[in-house]
Amino acid sequence: MAVDIQPACLGLYCGKTLLFKNGSTEIYGECGVCPRGQRTNAHKYCQPCTESPELYDWLYLGFMAMLPLVLHWFFIEWYSGKKSSSALFQHITALFECSMAAIITLLVSDPVGVLYIRSCRVLMLSDWYTMLYNPSPDYVTTVHCTHEAVYPLYTIVFIYYAFCLVLMMLLRPLLVKKIACGLGKSDRFKSIYAALYFFPILTVLQAVGGGLLYYAFPYIILVLSLVTLAVYMSASEIENCYDLLVRKKRLIVLFSHWLLHAYGIISISRVDKLEQDLPLLALVPTPALFYLFTAKFTEPSRILSEGANGH
């Protein structure tokens, strides 16, 4: 195969784009930025992203997709009030919005029209921050080679958040206006207003810390799920199994946290060795059982009552 000989390509993410191919002859352009959907190989040539995402990549995308849904549910529950009958419908609507946004995002991604994406393999943390690795051969002129080396794991999250926001603005106000009769006019749309705040925050978080989240999200899931479960059980004054079983809502919260525990464990282990990693899922109920066994020593109800009385 004949390949044209050109000067070496500088920079970690600069590459040469294929201009012409005729049989065994390939002609490449000058060293520069790779087109969208391509990244440089070891020989500094831009190659299309044709691989399938790994399990860990899908788990990362699932984590980023869960963030707005969990925040929706939190603020819906926070502002709906105990006597409101609209909370359940709003929870279902939020789930529908995020599910539809995820499906649409996959359909509009390359290849278009199928629930499948092609991607480039993530090799190291710097793949997420190619803008920091633009070379300056003469220390004066900068060769701009910024591109999405982790295509499409970086931009697909922004597309998903955009669809979530659009669907929320189309569906949620109509639903809230019709069924949230138990709330005051000023309280009906507070969960929607909250979303208008946390969506920009999530966007900035992905833009700045996407690479860090990619490597840290399993541990974030485990830590936050453990902390929130302990806070919820202490705030609900759950001190034994009977207190846990007396209300269906408490069981739903418990099982939801167990799912998050399992998600974090699978993300950390990546299920590389199935026979060794699956037994780790037996640890999922451990935090809740540990809390129930030790609650009689800490007496969370007494601590809460003393805190309310100012002691």
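Including glycine, each Cβ sits where the backbone N, Cα and C put it.
What TrEMBL lists as transmembrane segment is 58-76 (among others).
For 88-108 (among others), the entry in TrEMBL reads transmembrane segment. Proximity of distant same-chain residues to the transmembrane segment (88-108), defined by a Cβ-Cβ separation under 8 Å and at least 6 residues beyond the stretch ends, is recorded for 65, 68-69, 72-73, 76-77, 80, 114-117, 156, 159-160, 163-164, 167-168, 171-172, 175-176, 179-180, 191.
Summarising the annotation, TrEMBL assigns transmembrane segment to 151-171 (among others). Outside the transmembrane segment (151-171) by six or more residues, the chain places 36-39, 49, 53, 57, 60-61, 64-65, 68, 72, 93-94, 96-98, 100-102, 104-105, 108-110, 117, 119-120, 122, 128, 192, 195, 199, 202-203, 206-207, 210, 214 with a CB less than 8 A from a CB of the stretch.
Beyond the ends of the transmembrane segment (192-213), by six or more residues, the same chain brings 60, 63-64, 67-68, 71-72, 75, 79, 125-129, 150, 153-154, 157-158, 161, 164-165, 168-169, 172-173, 176, 220 to within a C-beta distance below 8 angstroms of the stretch. The transmembrane segment annotation in TrEMBL covers 192-213 (among others).
What TrEMBL records for 219-238 (among others) is transmembrane segment. Within the chain, the transmembrane segment (219-238) has long-range Cβ neighbours (under 8 A, six or more residues past its boundaries) at 63, 213, 244, 250, 253-254, 257, 260-261, 263-265, 267-268, 287-288, 291-292, 295, 300-301, 303-304.
Taken from TrEMBL, the feature transmembrane segment applies to 250-266 (among others).
According to TrEMBL, the feature transmembrane segment maps to 278-295 (among others). Under 8 Å from some Cβ of the transmembrane segment (278-295) lie the Cβ atoms of residues 226, 229-230, 233, 238-241, 244, 254, 257-258, 261-262, 265-266, 269, 271, all in the same chain and six or more residues away from its ends.
If one looks beyond the transmembrane segment (250-266) by at least 6 residues along the same chain, the residues whose Cβ comes under 8 Å of a Cβ in the stretch are 59, 62-63, 218-219, 221-222, 224-226, 228-229, 232, 236, 238, 243-244, 277, 280-281, 283-285, 287-288.
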